[in-house]
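Engineer: Got a structure for you, written out below as structure tokens; questions coming shortly.
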């Protein structure tokens, strides 16, 4: 039987002590453990995380446009990134999980870790006001934001995907129009980006073929990096 | 030549006077008018809007789960809804638009109105802190949130779509699996929902076929309602 740590040390690391301890407890409770679980808090936390990180990026990168800010934020708050932050906090040691999740290693599962981290942000907002949530989030993300090299992080995703595939001797991705709707200037294109050999297909929408392709390519590259962390498959 | 109103009256209606008037001016400036325009502010404003509305819904509807809260929020902050709020504020009268946008009625275009409204929320956050943005947003959205009937608003989207189509004598939508990925419990299904006769196809992802179908159906219904406001086409 695994032991769940009480959240005192976690709160020290976060730099915030909850007035209502039931809120941090709820944030650390997976739905498999109890009916009062962290999913509603995660909804609030996801929103405050996006807002705080968005504002920090706005201030830190005065020359970037909104699309670029949006892409940087997406990379900071994607499940994989949040799970990394959660791992650094040893969040898994504080989680209340049901029997099945415990046995299958739920306290190391990226989705469970990322959701609990967001729930903590939401709980902090409800407990201590917006500034409480903001200070926890900024403490965890400020170094990540400051270490972003926009030129590298914002490399055109189609190029980055192409380079990733070529380095592994794979064929180029296929881009196809899935849907085209509306009238100028409100056209919407939906493009797919497929890499059949690696069983990845993504879809994205944008106001032009090119913008939708870039988004789909960026998502495909993200999926490939998650699917094949470290050594990636080369074509035989 | 149309006259742009100075933003004094608008600030009275919003219940907030900017310390830095250049920020409200920027929020009201479309990219067609000047290089210092509202798109970056819109990025910040979109995030604070989602956070504030999300928290209000969380508090107002203690029994709803995160998926339901998410659907309610999406309906409140979709472009059409924001354009309605903007119209009630006569926001179009305060917008700085380039010549071309002016001539083509840009000050009544939903996307331009919605974007400027979000930019105002972002500008208020930067100008007066989070509470300034929160109070403007709550003032504009509180009655909308209080008038939500969750039972009606959250009617199962597949059923709602089916009823909408049947009332207009159209065939039922087609649902198809576009993609299936990952392994349990992290399965991802991508489903399409098509209504060929009305040229609408949507895609959505979810952890099950059913959840992805519901999301795709909800999006299709939203698109149909936007495409055919008021009287909708009946099959001949």
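We number each residue from 1, going along the chain as drawn.
Placed from the backbone N, Cα and C atoms, the Cβ positions cover glycine too.
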Engineer: Say TrEMBL lists B:115, B:118 as binding Mg(2+): which of B:20, B:42, B:183, B:190 is in the same site, per that record?
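Structural biologist: When TrEMBL describes the Mg(2+) site, the candidate it includes is B:42.
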Engineer: Within 8 Å of the Cβ centroid of the Mg(2+) site residues B:42, B:115, B:118, which other residues of the same chain have their Cβ?
Structural biologist: B:38, B:39, B:41, B:43, B:45, B:46, B:114, B:116, B:117, B:119, B:122
Engineer: Would you mind checking how many other C-beta atoms are within 10 angstroms of the C-beta on residue B:118 (Mg(2+) binding site)?
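Structural biologist: Taking all protein chains shown, residue B:118 (Mg(2+) binding site) has 27 Cβ neighbours within 10 Å.
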Engineer: Give the three-state DSSP assignment (helix, strand or coil) for residue B:118 (Mg(2+) binding site).
Structural biologist: helix
